[in-house]
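Listed in TrEMBL:
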type	residues	note
COMPBIAS	67-77	compositional bias 'Low complexity'
DOMAIN	21-72	domain 'RING-type'
DOMAIN	205-247	domain 'B box-type'
DOMAIN	354-411	domain 'COS'
DOMAIN	417-509	domain 'Fibronectin type-III'
DOMAIN	494-718	domain 'B30.2/SPRY'
REGION	60-81	region 'Disordered'
Amino acid sequence: MEGDGSETLVTIKNIERELICPACKELFTHPLILPCQHSICHKCVKELLLTLDDSFNDVGSDNSNQSSPRLRLPSPSMDKIDRISRPASQRRSLGWRGWKRSSLTPRTTTFPCPGCEHDVDLGERGINGLFRNFTLETIVERYRQAARAATAIMCDLCKPPPQESTKSCMDCSASYCNECFKIYHPWGTVKAQHEYVGPTTNFRPKILMCPEHETERINMYCELCRRPVCHLCKLGGNHSNHRVTTMSSAYKTLKEKLSKDIDYLIGKESQVKSQISELNLLMKETECNGERAKEEAITHFEKLYEILEERKSSVLKAIDTSKKLRLDKFQTQVEEYQGLLENNGLVGYAQEVLKETDQSCFVQTAKQLHLRIQKATESLKSFRPAAQTSFEDYVVNTSKQTELLGELSFFSSGVDVPEINEEQSKMYNNALINWHHPEKDKADSYVLEYRKVNRDEEMLSWNEIEVCGTSKVVSDLESNCNYAFRVRAYKGSICSPCSRELILHTPPAPVFSFLFDEKCGYNNERLLLNLKRDRVESRAGFNLLLAAERIQVGYYTSLDYIIGDVGITKGKHFWAFRVEPYSYLVKVGVASSDKLQEWLHSPRDAVSPRYEQDSGHDSGSEDACFDSQPFTLVTIGMKKFFIPKSATSANEPENRVLPMPTSIGIFLDYDKGRVAFYDMDHMKSLYERQVDCSHTMYPAFALMGSGGIQLEEPITAKYLEYQEDM
């Protein structure tokens, strides 16, 4: 590995940035190769591990979060470095568990690589399992020699004064001039076979030893793990089942690939230079185009300023004209009324007429004067200002323009328009909005806009929420209102057009939270309740077979009831649930506490359908009972929703059968004694009626045969995070 200083300088003059440690930002010192193939100084690895150790042992310390692989770290004490450098087995024998996994501390072998900024696993051996990067160390040493070319390395064996050395012997760990090297390494002797390099002060053995077997030299290469190994690793170690090749074969293959790549890059040197020139031209063009874009933007804004100034002067002129006209009217009216005062105008003239004693002359003059006085008197009785003081008609309406100006931004067809996913977006206690963006990776962020839709009032402004992902929960929405949602994507300062609007209707009342009650009338032999108590299933099997004889003679199996664990005593409430499509027969609605006592404490194996005064049955019993009763249940089954029979409904059964909605909502107005059933997909009322709310009302459910009911889960931020993780 012989070479002079000038050749070294030419070779490495442009590779300084490749020789800088990403942790300490200095030239590498004894670099180690991490599993991610990045290199880092040996002392930097120890310092980072030591810093992590201190942060885990002292979580509350202010300095625990201040360390960064990009900063130069303080030098640790020798006892701590020794503790870090010990093998894992030795650390365990000494009782040191600073790096073992527990409920409060992370994995012991995780190390943050400052090069790629990813966590890498150092394995059980820690630092001792890492190889030294001898090649990089040699290149760094060459760079150091080139950097200090003016400072010569003197011969260690010359008599004073020493001569400048020309070679350094790696076996003797000494530097020699030409004469001394010939004397101490005579031709034909063993020393003549020593390895020598150019003048250096870095003497180290260039032998890779196996980290697992410290006495074995590296002589093989594992193609699966892509790392050098020894023959013991192949025979009975961790690489026994891996594909291993000889070191000479790996050396030859990698050297050929690297040489080929280097030759390719050297052959493309002229192309690279031309591309650099092209990039410089593009930079200048970008700068010119940027300035031109700024000038165009300024021009557009100046035009807007001119329009605003023109409209401003026009509006102010109209206000001044109206003000002058009104003031003139008021002034004329003031002058007329001043004439009614004593010693002024009409009153003074009338007083002079009253002095006339000749009756005929008085009557002749006073008749016309009386009409004038009478007219003035009437004006006093019904005083009306000649003009209005209010300028409400001249208030400038800028709401629409303000909204448009608020949306003023750069428009580019290069950013695709996001699309709101209507199937994944839903409305319950909050609104969950999901959208899809064809260029998801090219968008920096999104802006979700929403506003209440009210056609009777003035158009409301949009509310904006900045979102990093592709879904968002919107809360604090008013009940029983339509809301419009739209989204646009941002890439830097460029935004896409807004997506198509999605209209969602909020529930008619606040969402009522409850679970199925497992303590009140719950029959665990026929009903199966999950652990969260938000899903119930009917076990249609053995019990149905036992009732087969009674079914044959016209009887039916009984309904199994289950209610909510929270009652309602006032106010408006709304809840929703899903009925499984395979359900045979399910009844849902509300029932009062006194009716539940009758249902749940009078068990029957089989009942006639006419026995129940069920508001959802076709038996006609509803017509015979009171218009307002202590329960209301509707029937759902076989993927159908049955509208109960009433005096106003059509007699044909097919007119009262609807497709079963995906999700069903129930709205109870306790104060007005009214219950309604909703299609949650469109927030549309399917059926409503009066109900007696003189007692506590409970959500009531009943199942016959196989079936299942799932309560809707409220939309929360936690639920959204779970959806995003999925």
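Note that Cβ sites are derived from N, Cα and C of the backbone, with glycine treated the same way.
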Confidence summary (mean pLDDT) of the domain 'B30.2/SPRY' (494-718): 80
Residue counts (helix, strand, coil, in that order) that DSSP gives for the domain 'B box-type' (205-247): 7 helix, 11 strand, 25 coil
Residue distribution over DSSP helix, strand and coil in the domain 'COS' (354-411): 34 helix, 2 strand, 22 coil
Helix, strand and coil residues within the domain 'Fibronectin type-III' (417-509) as assigned by DSSP: 3 helix, 44 strand, 46 coil
